[in-house]
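Look at Swiss-Prot and you will find 19-230 tagged as domain 'tr-type G'. According to Swiss-Prot, the feature GTP binding site maps to 28-35, 94-98, 148-151. Feature annotation from Swiss-Prot assigns diphthamide to His597; the stated evidence is sequence analysis.
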Amino acid sequence: MGRREEMIAKIKELMTQPERIRNMGIAAHIDHGKTTLSDNLLAGAGMISEELAGKQLVLDFDEQEQARGITINAANVSMVHNYEGQDYLINLIDTPGHVDFGGDVTRAMRAIDGAIIVVDAVEGVMPQTETVLRQALREYVKPVLFINKVDRLIKELKLGPNEILQRFAKIITDVNRLIKRYAPEEFKSQWMVKVEDGSVAFGSAYYNWALSVPFMKKTGVSFKDIVELTNKGDLKGLRQKAPLHVVVLDMVVRHLPNPLEAQKYRIPHLWRGDINSDVGQAMLKCDPKGKMVMVVTKIILDKHAGEVATGRVWSGTVKTGQEVYLINSKRKARIQQVGIYMGPERINMEAVPAGNIVAVTGLRDAMAGETVSVEKIEPFEALHYTSEPVVTVAIEAKNVKDLPKLIEALRQLAKEDPTLHVKIDEETGQHLLSGMGELHLEVKLYRLKTEWKLDVDVSPPIVVYRESVTKKSPIVEGKSPNKHNRFYITVEPMPDEIYEAIREGIIPEGRPKNPKEVAKKLAELGMDYELAKGIVDVYNGNMFFDNTKGIQYLNEVMDLLVDGFHMAMDEGPLAKEPVMKVIVRLHDAKIHEDNVHRGPAQIYPAIRTAIHCAMMKAGPVLYEPYQKVIINIPYEYMGAVSRELNQRRGQLIDMRQEGEVMIIIGEAPVAEMFGFAGAIRGATSGKALWTTEHAGFKRVPNELAQQIIRQIRQRKGLDPNPPTEKDVCPQQ
């Protein structure tokens, strides 16, 4: 095992030299080659065998588990790369595989300082490339560009060198346009990617070769040589002349920042505490002697060790046996094992210093996004997931004895993919799986079958709707069952600007730590500052304000009122679907002095009924989720595809031609999109490539709303007739 020990010794030595560390990720549109690139980088750095890496995608799904273990489960892989005679430690963090991470600040982006953006040379910059790039730049992650699948330009599209260079120039211009739009002010110009300085590389991850201008200058290999070797089919020659991992990892070392550089500008942006405090200064300097602070970015279930939490160490040193605080969970824990990932295996270490990615056990119940420190400090900005699951299926194990295995599998899927919501009901054995669309759920169900060998019954897919209001309600009185407590509230629709600010994370979900600051932001967005100061809670895109003056005992029941507000928002009055874009204001209250008469059994019904009654007086409406569909098709199928979209209440947003291919971008309600895959394959003889992403919610047309409310109520075992104001509001 000489080589392995040598590698571990090298990693241990480099861990203490932050200027030699690079924490990076790979981000791409689906199918642009992220996995192949990461596997081949690992193979090149000697972490998995080269044979495996090439074949990994050729093997089919089941046998792939060992081969694939690395891309499915490894949260982070450390490798050593020699650049100009010096060794560097490169931590590659696996960004979640599925592209349905819509707007979430993917946990991985928090832990890395730089990212390789992968773009398919044939398809160019796609909508999801924009999503991941925006994500990275929002977290102050510096990008470099890898243009992949260049072999297809040479062999399939038979383009000459000049046409290929034109294609590259367009992709680079498109990427730089996005960098200019989304990068932080101070980095807009210096983070642009350029061919001449080597912050752009191009090649084929599948065939394991790559080129960049610095590499061509250094070795004398020219693009013409590559074209000749590709046309000859000399794959070995390609790999030897222009090895992928050398070119790409050289680019990483040269252009992506080390933790010492990156933390100077990232900490003030990501952390809300006082930068001049000891901890603040230690994090700015990435000081291994400071107080230990780490942020958990991913949780993996290890068969032997239980839950392993991986995360970034911002300051201090993580040590075995250390007593730590989990800041968000408000509890203590003791770190048991400390280690790092080398390839797919976890290597135990005594300690891991600042600037590294660590894997620890012992942090029971920690969620991704948790701040862990040796003392109570301000937590890092919450990781907010703005993607909203819009389709649900119910799953049951066909065989009762598979139940524990199914629960385990669902929990694991949910931990790997934050956009998947799993509701486990151990009593009925019926579990709900909610995802971003039919396709997203199909992929997950396929994995239950192939990887977990589970036989399950799946219900037809159900769309998740939302309820909202269209105008301000009059003041409504809510009385507790014992008549001793009265609350006077109104509801009103939330302005789009405020809703967007919540989705973007500018206004954080939850009870605000600093209400004045949130009120200031709300005032900037057009709300009266005096009213905005009453902000109590932000919940799933809804808000609760206390606009009362000097009410006795109100503080004692505020927690109960917030819980009641949550209940009212989880199930709206029309069809018990979640509520969105509603502002609830408390204007006045009369509260019994004796706390026996103002417990949960009195307060919950009072506030919940009042909110629902106010909603019924405020023009209640149903919203439905929409999907954006991006379809690539040969020109002659244009008509068939637009017909298919029109039949589904969809509309065309944009069309553009790239060579022989038409790219159509449309939007349609998720409810109409079931079976779209089969229909589109049929209409285009299987020649369409397509992806979808979440496109927010829109109002259901009035003529359909009543019918849909009926269907939902029937499915939930409620009286199918849509409720009226009389049904919801208590008779005085």
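From the backbone N, Cα and C atoms, a Cβ is placed for every residue, glycine too.
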Notebook entry, point to check: Roughly how many angstrom lie between the C-alpha atoms of His597 (diphthamide) and Val150 (GTP binding site)?
Noted result: 73
Check: Which residues in the same chain, at least 6 apart in sequence, have a Cβ under 8 Å from the Cβ of Val150 (GTP binding site)?
Finding: Ala121, Ile164, Phe202, Gly203, Ser204
Item checked: Other C-beta atoms that fall within 10 angstroms of the C-beta of the residue listed as 'diphthamide' -> 14
